[in-house]
Every structure is written in structure tokens, then in C-alpha cells.
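Participant: Feature annotation from TrEMBL assigns active site, charge relay system to D137, H195, S503. Marked as domain 'Csp protease B prodomain' by TrEMBL: 14-102. Residues or ranges marked as domain 'Peptidase S8/S53' by TrEMBL: 128-302, 433-542.
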Amino acid sequence: MVLIANFKRQVTSKVDASIGLLTNVPKAILDELGYKLNVEGNNNVQLVILYRDTPEQTRIFIEGLGGKFQDLGYSFAIVEIPINKLQDLSLSNTIQYIELPKNLYEQDRESNRASCILELPPNFGVSGQGVLIGFVDSGIDYTHPAFMDNTGNTRIEYIYDLSTGGNIYNKQMINDAIKSNNPYSIIPSIDNTGHGTHVAGIAAAGGNINEQYKGAAPNASIAMVKAARGVTVLSSQIMQGIKFLLDRSKELNMPLVINISLSTNDGGHNGSSLLEQYIRTIANLERVSIVIAAGNEGDAGHHVGGELNKTQREIFNISSDEKSIVMNLYKSILPNISINIISPTGQSSGSVVIQEGYIQGAVGRDRYDIYISGAKPFELNSEIKIILSARAEYLVQGVWTLEINVLNEYEGKYSIWLPVLEGLNPGTRFLEPNQFNTLGIPATVDNIIAVGSYNYRTDNISSFSGRGEQLWQNAVRPDLVAPGEDIAGPAPNGGYDNKTGTSMAAPQVAGICALMMEWGIIQGKDPYLFGQRLKYYLVRGARRRRSDITYPNPVWGYGEICVFNSLILLESDLNAIFTRKYEEEMFFRTTTELIKNCETQTIRTGNEFIPPIIPGLDNKRKIPKFYY
């Protein structure tokens, strides 16, 4: 079943490849892959857009299509429109770009001491007080004592539950609920997986609990955006959550840290998706520090890539009970290529020339669908999305081959990603993978804090920790690493458990950001200590203890997080600035007094008045020189 006729060629540059597939591939296959088609079963589709007109003009246009419009600021929005209006949306000059929401997954896989939190001397006086830490995750067990203060009142300012249509619960409502005999009759928001509860606890568990379970910032305020019922979150929900957290931080007049312990492989890993662009815009323009997990794809076998010349053969295994898979292929501009997909039975697709548009065919009993987007206004390279789906119950199990042939004289580079570990059966993987460039999206955004994982007990990098590009040219990724293996944290229903993953490393860094922002912003010592300035001190203060490693690098980043070092460096820099300014002020006062004396105590030589020579003074203008 084809949902809509193929898009006209002139609009392929303003839609992502997933939408190209959405309009051509049978719905049953898309549902199996996890693409969200219907919203509430009413034949509407949810999309992320970048628009040109004013928010009000765009709202009127979307409502004219029978849709709904939710503005995210900075010309980003989430819209819901009837599926049969998708082409009308694409052809409008009001719309600059359209993207289908991407699936992001939770990244599960005595850490405060390892991150130097317990080394902080009392004179710093930091515990996260006055700072809001916001999470976009699976929810939070708001009845857990780890999220209360010493008096039993909640430290959660807001819960925004997107899984139930966007219900908002404030601090007063949460306090009323936890003091009642049946709290869930007042606030029926629960954490189905325990991921969000655990993540929030690593960053900010506090109150009357055992010291060993306290988070990095035990007195910080908390806001939770519950974005999913299960392990999958849509990129549009993350964007909604970020907007909500920004608005609430301004309402509360609190500096904000946002933690995102979610990840996807759906994209070019180069910052070009609307999710990445939105996060970059927010990080640049708002008073916020954004911390994102590097993902657990380091050893998952879901990435291959390298030099593209003549013929490349990538082999991959499809495990049992796999109904469909998707591969995202990106290549350099100049090489023209064809691909050939070969099944374990030796049957093949034949040579498929890659050209902009939609291609469909068969590999034996199984089906392939390929959509190739054109270059976009903010993305030079095409996106090539390849779907393999079973015509019988499951795909043929065994070793498959993807053959890439260069058809002209040019060479270049290529990368291919499978979905993240949580989106596939464990045995489905490339058999000769490239562990570099496995950083998950959106940790690929350049101006956030990307956090990998290491084992603080053995001082070894976690094998699963997402890695950056091997030959990095600009930003090093990840920025740093934090403890991420067997990390204790609160669990739903009042207990505690251990979890592993970069999901557990990121919130410790988020809590440390709250400590530093309290010291800088709340205590008034550095009102601009957020964003890139904060990251500067985190990476400078990171511990670089391994003599066998050159720092920075795409595995460890700049090293292991150490808040003690970072705050000491910051304090030293601020003291040096204060001392220099004090000396300059004293010098200015001294020279001013000398100038006044010059007016009455000059030396007469003939008919010429010559003022005394004052070191450091421009004696012609009588203006002091300042040396920096």
C-alpha cells in the first residue's frame, strides 16, 4: 500500500529521508521500524518544522491545513497535520524544512568520590541550592524520599507528563500528593522503566537518605519532563521538554541545567538534524548548561565507515526474529555509487544506482526500500536510508553483505549506521565495525557537554561508551568522561538499585554543573558561569591520569570529570582577575594624585614647563597606561 504519491522532485531538499519513506513504504513496515505515523489513531502525522514567517502567520497556515501548531521558539515548531496534507505543507514557502520525529532510546548500562565531589572544601558552600536541574526522560517516582528535603517536602518544582497529553503538576500539587494516603489519585504520573528516577537521583538525590545514595547536587531543585511510557522517546518530545524547562526556569528565576540521557543513530552525526540545530540554538542563546550522554554504541557493532574507493564490502549479521532493519548511509559529494545487497542464501538485489528519490525492490524473499534525499539548505551531503523488511514472518537469518561500488573517478569517505542497541536484536550488527564515530545523537551537538563513561574502580574506559571521530578536526567528542558502570541510584517504590550506561555518567556531570552554577551565579562570584564558559572549566579541570593516552582524544575526551580541580581553577582565575583589577585601580589612584601634584610642583626650565617623569604614565597626555 502506497500512502501518497512520490513527492515532487523540487521538495525533496526540504524533507528528511524518513518522510520520503513515509510517503512510499507500507504502513506495516514503518510501524515495525518504529516510525510514528498516526497521532492518537486519527490519521494525523506529527512533524518537526523550521519555518520562515512569524509564529502567528505559521499557526494560521497550519490550522488552515486542519492541523495543530506548537511553537518552540527560534522558528522551530511541532505540528500535527492530516497525512493527506503533507505535500501541501512541503510545497509552502512558509516552511523551510520538515523532519519526522526520530526515536531516541534510554542509554542504560561510590562515584561521587571518583568525580572529586567529596573533596570539595566546606568554604565553597555548594550543594546545588537555587539551581534547577531539568530532565527529559521516562518520568520520576515523586514519592521517593530521595527527592524530598529534610522536612519531607518535595524538591520537584514541576512534572510535565507528555505521555498523558501534557499534564503539568506543580510543587504544591506534588506536596499534596505525597502527603495523602493515595498520591497517585492526585498525580497519576509514574516512571514505567525506572530510568528517569535513577538518572535524577544520580544528579540530585538528597534529603533524609543514606549518604551513599546522595546525588552530586543534593539540594538542587528538580523538574522532570516525562516523555515516554517505555524506553523510546521522540525527538519532538525532547524539543517540547527543553522549551518547557526553559520557560519554567525563567518563571522560577533559577539558572538551568538540562540532562538528556537519551540517544539515537538516526542521522548524519554532524549536527544537521532539526533536533541538533534546536539544541545548539538554545545552548547559544539561553542561560543554560546542557549535558548529554554519549550513548552506548562504542562496542555495539552498529557503525562502519572509512575510505570510499572502487568497491567496499560491508558484512553484517541479522539475528533471529528480526522483522526489519534500517541503515543510514552517508558519503562524500563527488563519488557516484551503486549498491548491491546480498542475502545469506546468495540472492542479491543486483546493482542499484543511487540517485535522488525512491527505489524499491527484492532480495530473494525479502524486500528493500531506499530513499535518497537531496542536499539541504544546511546539509551538503545526501541522506541514503535503506530498509530491509521481511515479506515472510522474519528476515533471512545469517550473514548479509552490502556492496558499495564507485561509478566514477572520484574517491571520498562514507559512514553507515544501524539503529542503536535498544532498537535491534543483540545479534544484529556489522561483523567488522568501526568503533569511532559512534557518539549518539544529540551528543553530536558542538556546544553542549557530551559525557562518556569509564569504570572508576579500574580506571578503564567503558567498552560501550560512544566515541567521537578518529581524525577530529574541530571539537573533540566526548568532552569528558564520568563514572557510568554499576552506579547506585533511587528506584521506583522507594528502593535503590545499580545501573550501567552513559545515561548514568551524564547526570553526575549535570549535578556538578549545578554545583558550579550555584557558586558562580547564585553566590555572585561569576554570573556568566554557564554554557561554554562552564564547559571550559570542566574540561580544564578534568583529570588526565593515564600516561598511555594523549589528551584530548575521541575516547576519553579531555579526561575524567573532577569538580574540585575545576572550581579551584575557576577560583584561581577569578582571584587573578580581581588582583589585577585591584592593582590597576591602586595604580590609577596613585598616578592621579601625582598628576594633581604636577600642577603645582612643576620644574621650570627657561620658558618651558616640564612635568616630573612618572613611570607607567603617558607624560604628554598625563593619562596612566594600564598593562594587561
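Including glycine, each Cβ sits where the backbone N, Cα and C put it.
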Participant: Whole-number Å distance between the CA of H195 (active site, charge relay system) and the CA of S503 (active site, charge relay system)?
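Facilitator: Each residue's Cα considered, H195 (active site, charge relay system) and S503 (active site, charge relay system) end up 9 Å apart.
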Participant: Please report the Cα separation of D137 (active site, charge relay system) and S503 (active site, charge relay system) in Å, rounded to an integer.
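Facilitator: Between the Cα atoms of D137 (active site, charge relay system) and S503 (active site, charge relay system), the distance comes to 10 Å.
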Participant: Three-state secondary structure of D137 (active site, charge relay system) from DSSP?
Facilitator: strand
Participant: Near S503 (active site, charge relay system), how many other Cβ atoms are within 10 Å of its Cβ?
Facilitator: 32
Participant: What are the helix, strand and coil residue counts for the domain 'Csp protease B prodomain' (14-102) according to DSSP?
Facilitator: 33 helix, 27 strand, 29 coil
Participant: Which residue counts does DSSP give the domain 'Peptidase S8/S53' (433-542) for helix, strand and coil?
Facilitator: 35 helix, 22 strand, 53 coil
Participant: Just how many other Cβ atoms lie inside 10 Å of the Cβ on D137 (active site, charge relay system)?
Facilitator: 29
Participant: Looking only at the domain 'Peptidase S8/S53' (128-302), report the model's average pLDDT.
Facilitator: 96
